[in-house]
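Q: Okay, handing you the structure first.
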Amino acid sequence: MNTLFMHCRPGFEGEVCAEISEHAARLGVAGYAKGKPQSASAEFVCSEEGGAERLMGELRFNQLIFPRQWARGGYVELPESDRISVLLAQLVDFPVFGSLWLEVLDSNEGKELSTFCRKFEVPLRKALEKAGRLVDDPGRPRLLLTFISGRRVFVGVASASNSALWPMGIPRLKFPREAPSRSTLKLEEAWHQFIPREQWEQRLGDDMTGVDLGASPGGWTYQLVRRGMLVTAIDNGPMAESLMDTGLVQHLMADGFTWQPKHPVDWMVCDIVEKPARTTSLIETWLGEGLCREAVVNLKLPMKQRYAEVRRLLDRMEATFKARKIRVSIACKQLYHDREEVTCHLRRLDLKPR
């Protein structure tokens with residue numbers, strides 16, 4: 001129970017290690033991080049009893065940037081035949097669970113195990129329920145079984161309210177055929193990640209206005225239009241005719257980094273390929289000057305020192321807003337649909353309600 005296991009995007013194991021090591025050092029939890037390149041996972045092995053539990057207790061999962069999912073526990077080797085009996089024996093000292101997720105890594109090997117997990121879950125669930133180890137209670141801890149192979153599994157536990165929203169941190173979003181580009185899924189995932197579902201009507205309402213900077217061909221604009229917003233699309237490139245035909249989109253041929261609205265809007269979204277420091281300046285202007293209430297912006301990552309650069313820019317934003325004496329909530333996550341980038345959500349907390 002003294003290892004913290006984390007899923008991530010393949011190639012970002014080093015960023016997960018850097019991030020969790022920084023938090024562990026700040027909290028005084030001794031241990032070391034390790035992650036095999038392209039394995040889609042990393043671990044923090046605690047050298048003191050209860051270290052992993054303390055890390056998960058002190059940290060909020062939604063404040064971590066690069067981990068997609070986490071659980072504390074340990075590895076179990078399984079026989080070829082009676083895997084369930086071995087797992088039940090291993091779970092004797094665990095609490096009673098309120099939910100069960102079988103997970104695999106986001107790798108070719110992991111995908112090959114998906115069919116096995118689907119078939120294995122039904123008899124395992126029945127056995128856990130019969131043994132009194134699993135009940136239907138969202139308030140209880142979640143049992144997370146990450147299969148590395150058919151013979152090796154990481155048996156982990158996490159709070160259902162302090163872990164990923166979806167198994168492996170991967171949302172099951174369907175690409176809308178009428179959307180102009182697949183980038184639309186990034187913004188849809190961001191809504192789920194950063195805004196509680198019960199607040200969507202209030203914060204993503206059809207009486208709102210939005211701006212999409214660098215909008216062409218309209219993947220992110222599509223999400224705003226889908227919510228019924230009036231959208232100003234800023235880009236020198238063309239917009240999809242299907243979006244223009246809705247009557248909800250005004251397309252202005254302008255530079256997304258210099259154009260500003262005459263009146264404040266509810267939402268600004270931006271997915272421009274640019275150096276992250278320049279995009280950060282754009283965020284500071286829009287939120288700092290009250291040009292929008294909320295924003296979702298992608299920061300493109302450098303080739304090296306990716307976590308360090310993201311941390312530096314987030315700290316810079318926080319210091320800038322503090323110096324201006326304005327209250328802004330800042331969240332950042334590498335979403336499943338992100339590639340060499342992270343997605344930031346910002347919200348002014350000191351503006352009068354609409």
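Cβ coordinates are placed from backbone N, Cα and C, and glycine is handled just like the others.
So Swiss-Prot lists these for the protein:
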BINDING   Ser183, Ser216, Pro217, Gly218, Gly219, Asp235, Asp255, Asp271  S-adenosyl-L-methionine binding site
ACT_SITE  Lys300  active site, proton acceptor
Q: Count the other Cβ atoms sitting within 10 Å of the Cβ of Ser216 (S-adenosyl-L-methionine binding site), across every protein chain shown.
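A: Other Cβ atoms found within 10 Å: 19.
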Q: Would you pick out, from the binding-site residues Gly218, Asp235, Asp271, the residue whose Cβ has the largest number of other Cβ atoms within 10 Å?
A: Gly218
Q: Where's the emptiest Cβ shell within 10 Å among the recorded positions Pro217, Gly219, Asp255, Lys300?
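A: Ranked by other Cβ atoms within 10 Å, the recorded positions Pro217, Gly219, Asp255, Lys300 bottom out at Asp255.
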Q: Same chain only, sequence gap of 6 or more: which residues have a CB within under 8 Å of the CB of Ser183 (S-adenosyl-L-methionine binding site)?
A: Gly219, Trp220, Asp271, His337
Q: What's the CA-CA gap between Pro217 (S-adenosyl-L-methionine binding site) and the residue listed as 'active site, proton acceptor' in angstrom, rounded?
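A: Each residue's Cα considered, Pro217 (S-adenosyl-L-methionine binding site) and the residue listed as 'active site, proton acceptor' end up 19 Å apart.
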Q: Write down the Cα-Cα distance for Lys300 (active site, proton acceptor) and Asp255 (S-adenosyl-L-methionine binding site), rounded and given in Å.
A: 18
